[in-house]
Amino acid sequence: VGCEECPAHCKGKNAIPTCDDGVCNCNV
């Protein structure tokens, strides 16, 4: 999942979307 799709990807998981080196991470 790219950075631009990250917020939508993490939505509903009580997670904070972060992006490192172009990689989406959902930090719970």
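Going from the start of the chain as shown, residues are counted 1 onward.
Backbone N, Cα and C define each Cβ position, glycine as well.
Quick caveat, the model's predicted, so the values are computed rather than measured.
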Cys26 - recorded disulfide partner, Swiss-Prot, among Cys3, Cys6, Cys10:
Cys10
List the disulfide-bonded residues among Cys3, Cys6, Cys19 whose C-alpha is within 10 Å of the C-alpha of Cys26 (disulfide bond), in sequence order, or say none.
Cys6, Cys19
Can you tell me whether DSSP puts Cys26 (disulfide bond) in helix, strand or coil?
strand
Excluding near sequence neighbours, so keeping only residues 6 or more apart in the same chain, what lies with its CB under 8 A of Cys24 (disulfide bond)?
Val1, Gly2, Cys3, Glu5, Cys6, His9, Cys10, Pro17, Thr18
